[in-house]
Amino acid sequence: GRVEVYHDGKWGTICDDQWDDRDAEVVCRQLGLSGTPKALSWAHYGQGSGPILLDEVQCSGNELSLDQCKKSDWGQQNCDHIEDAGVSCDPFTGMEVQLCQSDAGTVRLAGGHSPGEGRVEVYYNGDWGTVCDDGWTDLGAQVVCRQLGFR
């Protein structure tokens, strides 16, 4: 989705100047997501609103968060929202996993005997739905467990 950052009490976007896959790798790592990071530019996921908080972000790819990357000062930018940066942290790259409802936003486990087990469900468009098991592997399970805060 579109990358937004919280600074000084408000959410804002990042300009895509210098935006590349190394920056995307840091965003995915900061969010706790594995997979194949891909940087997207030109408001690929739609234009944000409010302030554009960062510009000229240049990560090496090894940082733990965007704060550690070389970048302009907060709020210093020369962009418009048509240049909002986006990222895809696709944990299913190379796998034939079908999500019955969505690209997995909010996840829960339902019907299990303990909080750490159950049927995988995702929340999308106001409804809970299940995840198809076509191509489902331990990798998919690891992503869900990580997303739910389990090791």
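Just so you know, the numbers here start at 1 and follow the chain as drawn.
Every residue gets a Cβ built from N, Cα and C, even glycine.
For Cys69, the cysteine that TrEMBL lists as its disulphide partner among Cys59, Cys89 is Cys59. Matching TrEMBL disulfide entries to the candidates Cys15, Cys28 identifies the partner of Cys89 as Cys28. Checking the candidates Cys15, Cys132 against TrEMBL, the cysteine paired with Cys79 through a disulfide bond is Cys15.
The Cβ of Cys28 (disulfide bond) has Ser34, Gly35, Pro37, Val87, Cys89 as same-chain neighbours under 8 Å, each 6 or more residues away in sequence. For the domain 'SRCR' (107-151), the model's pLDDT averages out at 82. Note on Cys69 (disulfide bond): other Cβ atoms within 10 Å of its Cβ, all shown chains, come to 20.
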